[in-house]
Amino acid sequence: MPRTTPLEHYRNIGIMAHIDAGKTTTTERILYYTGKSHKIGEVHDGAATMDWMEQEQERGITITSAATTCFWMRHGQSHEKGTGAEYRINIIDTPGHVDFTVEVERSLRVLDGAVTLLDSVAGVEPQTETVWRQADRYRVPRMIFSNKMDRVGANFDRCLAMIRDRLSKRAFPLQLPVGSGETFTGHIDVLERKQYIFHDETMGKTFSVVDVPEEFKDACEIARHEAIEAAVEHDETLMEKYLAGEELSMEEIRRAIRQATIAMEFIPVFCGASFKNKGVQALLDAVIDYLPAPIDVPAIKGHLPHHDETFIEAPIKDDAPFAALAFKIATDPFVGKLTFFRVYSGVMASGSYVYNSTKDKRERVGRLLQMHANKREEIEEVRAGDIAAAIGLKDTRTGDTLCTEDNPIILEAMKFPNPVIDVAIEPKTKADQDKLAIALQKLAEEDPTFRVRSDAETGQTIIAGMGELHLEIIVDRMMREFKVDANVGRPQVAYRETIKKRVEKIEGKFVRQSGGKGQYGHVVINMEPSEQGQGYVFEDKVVGGVIPREYIGPVEQGIKEALETGVLAGYPVVDIKVQLVYGSYHDVDSSEMAFKIAGSMAFKEAAKQASPCLLEPVMKVEVVSPEAYMGDVLGDLSSRRGKIGGMTQRGEAQVISATVPLAEMFGYSTKLRSMSQGRAVYSMEFSHYEEVPKSKAEEIISKVKA
């Protein structure tokens, strides 16, 4: 089947922002204007197409990243697909709540460009900065849409100043708002020198284009000059022409801005009010004009299986070998497990076999689906640049590479943060126990930041996630979708243990010899702290065959399993480096199990001698409060072991930045509400792990042991 849309007409984009900036509302307008939906779904009614989970509709927030495909023809004319002139836009609407940061992370990994939304009243908020940094890490070109210009207090100039201060100095407005709050009617296109006025009676589908009013002419010319000057810096021919005073054509200007945006040297800024249907079509035009097609970004790199140092590329072509990355797993009530993936090269037909190079397994693709939020359309094949979902991939997980056995490649996987909060969960009946195990396994498959473990001492099932809301939604889904009835404990901080000094020649010896075949395993290890975030590093330094090769793996595994339960308070141990340096074996009695136990014994002894300490998650907290309550807010943060990082003015309010241990933040929202009569708000996100002060650590350890 030939390609219906040329690759240069593809746009794979994400919509990302802080919670409540209007991402889902903007996506709903895009679906409406591109003809994907015939009526607009509103978030506050619980009817948004992209928020299809019950939990999303009840809470009015986006939890999972819904994917959809639509078609757009530049200059405000949307067309049915198939005419060849339209552009295919694959959109992923991502959550803005910090607890669901994994959804943003995995979406950015497979996108070519992104639109960052701001609330024009609040400007750049903490989670805006977080998603911006995530996009920087994946080098995703992006543009900014300053939304909610219709709200009282909207201030485009202040937003622009905050963008340049906190996100990028290379941000340039290509539109200026006409009015703000109740008086907002549309925008000025600074490149075309025209004013766009949107008609309310057609829900913004029609608009008038008039000359720029006199009072906006100076601002328009300044913005135009700044934008063109910044864009032509990357094109010598245009630079010379511009400096010589020659007028550049609109096509030349757009091409220069496009090149600079794709090179991440230019951030175009637009404005509008999605809820009032103003500015969304112009934003779609800008996506076409300035964000990259798959062929505009460098080909993705990977390595050969079992050869991490041998790098290869997956060229963005239909006639290249097939290569795709699975970026999301979802459980669908009707078809079971859905695997969302992005195709980087080649073609794959439904019903064909693919090779999962990450797992070294061959799998059959049952059906291929084009997703529209939670609705689906069956398709026969996928090609380079497509984002689609497959049914039937049993062993594939988030971050796995799908390719052909003849041309294997492993694409760079995604890195996910560790959970910071734990909850104990107990099934109410025996029937619930079986259902609980299945539910937790499926939910953990979907979400790499959700972990399940069993407490070695109590036998309780412990679930861990990125925050209280994250775990609340997991438990809610477990009860609704999997019909599990369970008792849920209070959220607990996910403490960790580590060591502070190096220890050498620590012995672990496991011997059972009492007639018949016995057990014999003997190891000697060195152990030292490694850098934060390094996890567990194991090095085999054995020489002379004192431990046979087949027993090295079991030693490593024994230590790895022992890491689950630290020596201080039974918390998982992180960031250590172990060197296996010596040992001995017995021709008859040695076994894998004996060496596994010996490894575990050596680790426990080494941990006791290596100055073990307790670590706690520390959160980055931002509080926005009216001046009148600042004293109380600051005093309260200090009483929570908070460290104040700085204070800035935002409109009439003060913004306090601080780092506070997560253990001290439970119940903070209630306290802040009562301190400020409901006028202060806060947001928090994980920052780092830090050693717990001695007195506090003793308190935690004695509580656990009691």
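All residue numbers here begin at 1 and follow the chain in the order shown.
Cβ coordinates come from backbone N, Cα and C, glycine included.
Summarised as a single figure, the pLDDT of the domain 'tr-type G' (8-295) averages 84. The domain 'tr-type G' feature in Swiss-Prot is assigned to 8-295.
Residues or ranges marked as GTP binding site by Swiss-Prot on the basis of sequence analysis: 17-24, 93-97, 147-150. D20 (GTP binding site) carries neither a helix nor a strand DSSP state and counts as coil.
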#### Entry: Count of other CB atoms lying within 10 Å of the CB belonging to M149 (GTP binding site)
29
